[in-house]
Amino acid sequence: MSSQALDSAKVAFIEAAIEHGVLLFGNFTLKSGRQSPYFFNAGLLYSSSLLSTTAQAYAKVLSSSRIPDFDVLFGPAYKGISLAAVSAVSLYQQTGKDIGYCYNRKEKKDHGEGGTMVGAPLKGRIVIIDDVLTSGKAIREAIDILKASPEAKLVGIVQLVDRQEKGQSGSGKSTVQEVEEEFGVPVEPIIGLDDIVKYLESSGKWEKELQEVRKYRAEYGVQRS
């Protein structure tokens, strides 16, 4: 793990997530059945202050060299909708880059404008905004939506948290690494497990939690390439 200090956007996001109970430490059973010493609940990202901090962190990643140039943010229903919207606003405020955003309906609308897509036309270079990639099922469903639009080209994915742990496929790779290899696009997080560990180390207030997270990482963790 790099000894480089966390940047201010990551620190602000982690501190806000802890303060609002979005990032929790304890004993949690994941969908995979694993017992995890930490849990990230993106469903609690509903206050204006926390959304602002989250959007700023997204915008920083979106404007970095790690994400190719793009035209539209796509936020998969439901959690991705608000995340894409606030990220588009923050990106414009930070950089002046004027991009569109869109999202899908899970139920097709047969009146008014109709269809399953809302917002900017799904064409050009697309970046998907999501929260946490677990099994990879949801992100593959989102990519299938893009594939149905011949004018859309996926160029990247930005997620809230990379758990940096081995997936369930037996490959020894994380879900993020598998998605990157399968689709040939970068998957960049606002924070990863290494960042959480680094924050706990630097704070000096979470020694018990730090030890548990380190143990979990030693058993299940993978390094980002």
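Cβ coordinates come from backbone N, Cα and C, glycine included.
Annotation source Swiss-Prot lists 5-phospho-alpha-D-ribose 1-diphosphate binding site at Lys31, 78-79, 105-106, Lys109, His111, 130-138, citing similarity to another entry. Lys31 (5-phospho-alpha-D-ribose 1-diphosphate binding site) falls outside any helix or strand according to DSSP and counts as coil. A sphere of 10 angstroms centred on the C-beta of Lys31 (5-phospho-alpha-D-ribose 1-diphosphate binding site) encloses 8 other C-beta atoms.
Secondary structure at Phe40 (orotate binding site), taken from DSSP and collapsed to helix, strand or coil, is strand. What Swiss-Prot records for Phe39, Phe40, Thr134, Arg163 is orotate binding site.
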- Query: Roughly how many Å separate the Cα of Ser135 (5-phospho-alpha-D-ribose 1-diphosphate binding site) from that of Arg163 (orotate binding site), to the nearest whole number?
  - Reply: 11
- Max CA-CA distance, Å, over listed orotate-binding residues Phe39, Phe40, Thr134, Arg163: 12
- Query: Hey, how far is Leu133 (5-phospho-alpha-D-ribose 1-diphosphate binding site) from Phe39 (orotate binding site), Cα to Cα, in Å?
  - Reply: 13
- Per 10 Å Cβ neighbour count, which of the binding-site residues Lys79, Lys106, Lys137, Arg163 ranks highest? Arg163
- Counting only other Cβ atoms and using a 10 Å cut-off, which of the binding-site residues Thr134, Ser135 scores lowest? Ser135
